[in-house]
Amino acid sequence: MIRHHRVRAASGRILVPSLVFVGMVVAVISSLGAPLIPAVAAADHVSLSDAQWSLTISFLVSAVATPLMGRLGDGPHRRAVILAGLGIVTVGGVLAALPLGFASLLTGRGLQGVGLGLVPLGMAVARDALPAERARPAVATLSITTAAGIGLGYPITGLIAQYGGLHAAFWFGAAVSALAFVVATLVIPSSAHHPSRRLDASGAVLLGAALAGLLLAISEGGSWGWTSARLVVVGALSLAGLAGWVLLELRRTHPLVEVRLLRLRTVFTADVTVLLTGVGFYLLVSLMTRFVQTPLSSGYGLGASTTVAGLVLLPFSAASLAASKIAPVLVRRVSAGAVPPIGSGVMVLSMLMFTYARDSLWEIIVIMGIAGLGVGCILAVLPGFIVGSVPAHETGSALSFNQVLRYIGFAVGSTLSAVVLQAHTAPGRALPEGDGYTVAGLTSCGVWVLTAAVTLVLPRLRTRTPAQAVREEPVHAVREEETGTGPRQIKNIVHTVPNVNDDASPGTRMGS
């Protein structure tokens, strides 16, 4: 066995719940964004577009911090990185909560963005510290923590903001982060036995700048104008930066992200799928929360309060958690590779229901419950594709890159909903026409159809298995002196955690 330094039995029993609680910090950070934008605008006397930065800045910071934290977390300092991340998030929560003005709030929200990189590190801890039979379900649970937690966080922060004020909601976020710091201090095991690795500082700067520019262009496209020179320049420079970063990483002996791992069909499919899932998920959340709060005078809205809009997400959270139990059954009955297409099909059903049956609150609740099953099943299996395919010392980095793609999907989904609805808003009107939501629902269906197609087609285009990739492209063999692992050892590491396809028959495995 390659794995060592298992946590003690007592600690092992509380490790997964503790990691889930730490992951909930990400949900709290997210819930302090979109639902509170109107309250931020009113409290700090800024426009809604300026208040939108309280959400955007967290994603921008996470784009820079997440891959960096992932690489640092693959070495002997994983515990320290997690604790430092939680500490920074707590400080950010305090800054946002203090009545020091809009600049202080933005600074605090930026610091909280560091916390969005914690979930991949938690998955890496689970893989390293738990036996294989417990690691896989633990990783699946952690993967859906963000999606399920948002549904819990929205109504809680909405209630606190409604009855205690805006700053009370941020104090709540700071308190949760501080408690998570204490829990992590007591439970997270050391990774001191992992070999130390050099940090690709220039790669981190280039990737962070390129991703930040890309997210900025996506988030501000509506206000800048989608054909404006500023958007074109920022977008082009960002894409050029990403291309340059890939070329740089391919030449590095110690890369920030081992991009050659994208040649593995499971890793490549998981990354593309999580990007599209992020788009579809945030498109769903943005449409639902806005639709139910639309005044009855519009002729189509439900006139719900912010709190009720948050409560509508509770069925989504409950169904997502249930999906973490359903997904393993599907893996055993069909195959792991079949779960994402099934989940995508469920999402198509939910969005078709929204498109043609959204006249009452109970219909929205049913739609959100169905959507939770679809998204939950997809997110439950995707990390397993990566964890079961990459060497153990690349887990944190690979999962962090996957998480960054999810956040990019969030930004695209949020922007896509705004663009579609704005296109169906008459000049001088504040609210879109009801047909705008119909078009947005059909657009979401298209996203999920594309997701299903990707998960069905890509695995069959990429035919090499992880073991074959190691033999044909010895990604890590050049670092044998540093890690003490050659091709044979790497092959053993790859199979330490069974691949998510292991439960499938040879004829039904992903890409077979």
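Each Cβ is built from the backbone N, Cα and C atoms, and glycine gets one as well.
In TrEMBL, the feature transmembrane segment is placed on 52-69, out of the ranges 34-51, 52-69. Sequence-distant neighbours of the transmembrane segment (364-392) (same chain, 6+ residues past either end, Cβ-Cβ under 8 Å): 2-3, 123, 127-128, 135-136, 139-144, 147-148, 151, 258, 261, 264, 266-267, 269-270, 273-274, 277, 280-281, 284, 288, 291-292, 302, 312-313, 315-324, 326-328, 330-331, 336, 339-340, 342-347, 349-351, 353-354, 358, 398-399, 402, 448, 451, 466, 476, 485, 490, 493-494, 496-502, 510.
109-126 is the stretch from 12-32, 52-69, 109-126, 334-358, 436-458 with the greatest number of Cβ pairs below 8 Å to the transmembrane segment (81-103).
Listed stretches 12-32, 109-126, 334-358, 404-424, 436-458 were compared with the transmembrane segment (52-69); the greatest number of C-beta pairs under 8 angstroms is found for 109-126.
Among the stretches 12-32, 109-126, 224-248, 404-424, 436-458, the one making the largest number of Cβ pairs under 8 Å with the transmembrane segment (168-187) is 12-32.
Mean model confidence of the domain 'Major facilitator superfamily (MFS) profile' (11-464) amounts to 87 (pLDDT, 0 to 100 scale).
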